[in-house]
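Remarks on the structure that follows.
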């Protein structure tokens with residue numbers, strides 16, 4: 001390759017330097033299909049198991065499924081990205097490397113190892129991943145701090161997603177190979193971590209406020 005020539009990769013900007021880049025081996029349908037099926041398996045298993053816990057509402061069972069899904073996604077998928085700086089050079093068709101090669105078509109900051117993205121993903125993988133699995137445990141065992149924990153994690157997810165979108169906007173919002181990848185990966189795939197955490201925050205806020213209200217009424221009666 002001549003000096004100054006565009007790198008032979010599918011990402012934008014075209015002059016992004018990725019020495020040693022190895023093209024994606026697995027097809028998009030395979031990558032998305034494996035992730036979808038594995039996620040469905042996790043959700044199905046948690047849903048079945050949660051049905052055996054006494055006095056567990058359907059909403060709590062759904063939340064257990066969510067925390068299992070998001071926790072494993074953070075810890076495994078995003079954890080791999082954080083600790084594999086040269087995933088784009090992988091020649092073994094490692095599934096996790098293939099995922100990020102493919103996702104980078106929607107946001108090339110991942111392949112470029114953008115500092116802001118690494119920071120957000122690092123916090124998400126190391127802190128929010130294990131915390132999400134802990135949230136699953138607190139719902140199953142009905143721990144007193146369950147709502148506070150869920151509220152905290154969800155706020156962290158919303159903050160991380162906001163930083164993710166805002167930094168992209170400030171840097172020109174031009175990191176997708178095409179409009180298809182922009183909306184499929186950058187917008188749609190991340191929308192789950194905006195909508196669901198927002199609903200959880202609202203629910204936990206109401207539950208915590210209701211608990212304090214009951215406590216206040218009890219103190220009033222004692223007096």
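Quick reminder: no glycine exception, Cβ is built from N, Cα and C everywhere.
Where the annotation comes from TrEMBL, it is an automatic prediction and has not been curated.
Quick look at what TrEMBL annotates:
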DOMAIN    59-201  domain 'EXPERA'
TRANSMEM  20-50  transmembrane segment
TRANSMEM  62-83  transmembrane segment
TRANSMEM  115-140  transmembrane segment
TRANSMEM  147-170  transmembrane segment
TRANSMEM  182-202  transmembrane segment
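Long-range contacts of the transmembrane segment (182-202) within the same chain, counting only residues at least 6 positions beyond its ends with a Cβ under 8 Å from a Cβ of the stretch, are 63, 66, 70, 103, 105-107, 150-151, 153-155, 157-158, 160-161, 164-165, 168, 175-176. When Cβ-Cβ distances under 8 Å to the transmembrane segment (20-50) are tallied for each of 62-83, 115-140, 147-170, the top count falls to 62-83. Long-range contacts of the transmembrane segment (62-83) within its own chain (CB-CB distance under 8 A, at least 6 residues past either end) are made by residues 35, 39, 42-43, 46-47, 50, 96-97, 99-100, 110, 118, 121-122, 124-126, 128-133, 135-136, 139-140, 150, 157, 193, 196, 200. Non-local neighbours of the transmembrane segment (147-170) in the same chain are 63, 67, 70, 107, 109, 114, 116-117, 120, 123-124, 127-128, 131-132, 134-135, 138-139, 186, 190, 193-194, 197-198, 200-201, 204-205, 207-208, 211; each lies 6+ residues outside the stretch with a CB under 8 Å from one of its CB atoms. The helix, strand and coil residue counts that DSSP assigns across the domain 'EXPERA' (59-201) are 110 helix, 0 strand, 33 coil.
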